[in-house]
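Novice: Just passing along the structure, written as structure tokens.
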Amino acid sequence: MFKISRKNYSDLYGITTGDSVRLGDTNLWVKVEKDLTTYGEESVFGGGKTLREGMGMNSTMKLDDKLGNAEVMDLVITNALIVDYTGIYKADIGIKNGKIAAIGKSGNPHLTDNVDMIVGISTEISAGEGKIYTAGGLDTHVHWLEPEIVPVALDGGITTVIAGGTGMNDGTKATTVSPGKFWVKSALQAADGLSINAGFLAKGQGMEDPIFEQIAAGACGLKIHEDWGATGNAIDLALTVADKTDVAVAIHTDTLNEAGFVEHTIAAMKGRTIHAYHTEGAGGGHAPDILETVKYAHILPASTNPTIPYTVNTIAEHLDMLMVCHHLNPKVPEDVAFADSRIRSQTIAAEDLLHDMGAISIMSSDTLAMGRIGEVATRTWQMAHKMKAQFGSLKGDSEFSDNNRVKRYISKYTINPAIAHGVDSYIGSLEVGKLADIVAWEPKFFGAKPYYVVKMGVIARCVAGDPNASIPTCEPVIMRDQFGTYGRLLTNTSVSFVSKIGLENGIKEEYKLEKELLPVKNCRSVNKKSMKWNSATPNLEVDPQTFDAAVDFNDLENWLEQSASELAKKLKKTSSGKYILDAEPLTEAPLAQRYFLF
């Protein structure tokens, strides 16, 4: 039997079971859990390689032919290292008709056993050796202010947005709301010309009939925002309509505690599922204790990325952002006090730890209204690095294997936001049957700059060189638009998410939309337990005087490799015996100045 060293094998075919690779310049490593390709039968494209006629490529089968369960693919990504909530493993990925059709072994079934997907004359190849593949990310907190957010999102690995807004109007600068049929229609019509999946949230304040009218117009969910009034009555009515129409509800709660405190908001929910934006509170919400919502099973807590991770610059940055985003006047003392009440270093420090415990389930941006859409993935991995550096390995992880922590963090901007908004049957993970929205990364650039972004099987953005060069790798090598963003391909490789009732009402024809419309579903049946790798509900309390966030000893167990007793010795205790979640701000971040000039 022929033998080959692991080094030579990885150079030829990419790493395999038991090998590890570092993610960017972070301290995180992933270890390959399994390899679904076949040693000695690897699919490789190129001169002298295996995917040629009569070898790994079958030249007799037509596009619709099958052999067993295997069929001819439109595109095969060979020897991909998949990083997903489902696992960290190596496989070929087969794409057909815009969807992931197979994950496993590609090749020619006339010559090779156990082929899951066929490379035929109709098949294109993308060489995945040495690259990491993740599902396209979701950003569920997007202010629909300007179309240029789309290429920025794609360049950060985000292929889907749950947004709200009307363009550069003041209401949209503050709130993610497309109010009423005209603006829902306008948002969907604009999205029809943009290379990204999108769904839009309507205004959640009002009586049942006008709220229902917006969902019937195609809104995929509702947004309750304090700038429009986050009262108990608004919460109750929005959730009542949502339950009848199976759409999600997102909430930005009452910072000023005018209509009640956090416990009154919780009571108004009546145990019904709701997606809580920026749970820490710097982005808005009951001051100072909105963070306590992480302990409830019906609340799906999220963060926005300006506070992630907690660094030496975080506090100073926030005051000016707040004044602009919420139409506040720095000359009015009450407006300044409003802004000051939202910036608390204690709860910001605790936010990172709660993410690491799996108590905050979702990451998002709050783009152009404090957050940055192109940094959702980057800041998620910076936070994971910070937590490992300050607290050590997650339970079950080991040297050169941070797989559990990586699965926890990748879930925060892929599968969990998809579940929260009823689109997880279409997107959010690399699983057979889902849309082929896939992001490729060179390991050294992981989390910072993708190599390419595939939308429904077609490359939309890719690292590419000078268009007038003799080869595609000549400088300047930058992310550029590809054919997936042009012509009918644009509308054929993205979708819009709408309410089921809107779709049944014929809005596609009424609005003259070209993109496929997909209905959101199962929004009302999910809860915190539905969140992959992020379903913890610690008994958190925030001290109203000191703003310290503290949990019980039991909440520290089964989190880290170090024991809860060892960790407890390092944490300060409250007078009631709880343990304060605290960490030093980061002074130097990975995936930062080594990769970006600005």
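Glycine is no exception: its Cβ is also placed from the backbone N, Cα and C atoms.
Not my notes, these are from Swiss-Prot:
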type	residues	note
BINDING	His141, His143, Lys223, Asp366	Ni(2+) 1 binding site
BINDING	Lys223, His252, His278	Ni(2+) 2 binding site
MOD_RES	Lys223	N6-carboxylysine
BINDING	His225	substrate binding site
ACT_SITE	His326	active site, proton donor
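Burial and contacts for the listed features, if you can.
Specialist: The Cβ neighbour count for Lys223 (Ni(2+) 1 binding site), using a 10 Å radius over every protein chain in view, is 30.
For His278 (Ni(2+) 2 binding site), the Cβ neighbour count at a 10 Å cut-off comes to 26, with all displayed protein chains included.
Secondary structure from DSSP puts Lys223 (Ni(2+) 1 binding site) in a beta strand.
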Novice: Which is it, of His143, His225: the one of these binding-site residues whose Cβ has the most other Cβ atoms within 10 Å?
Specialist: His143
Novice: Between His278 (Ni(2+) 2 binding site) and Asp366 (Ni(2+) 1 binding site), find the distance joining the two CA atoms and give it rounded to the nearest Å.
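Specialist: Counting only the Cα atoms, the answer is 9 Å.
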Novice: Quick one: among the binding-site residues His141, His252, which has the most Cβ atoms sitting within 10 Å of its own Cβ?
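Specialist: Result of the Cβ crowding comparison: His141.
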Novice: Could you name the residues, excluding Lys223, His252, His278, of the same chain that surround the Ni(2+) 2 site, i.e. Cβ within 8 Å of the Cβ centre of those residues, in sequence order?
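Specialist: Sorted by sequence, the hits are His141, Thr175, Thr176, Ile224, His225, Ala250, Ile251, Thr253, Ala276, Tyr277, Gly283, Gly284, Gly285, Asp366.
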Novice: Same chain, not part of His141, His143, Lys223, Asp366: whose C-beta falls within 8 angstroms of the C-beta centre of the Ni(2+) 1 site? Give them in sequence order.
Specialist: Val142, Ala163, Gly164, Thr175, Thr176, Ala250, His252, Tyr277, Thr304, Ser364, Ser365, Thr367, Ala369, Gly371
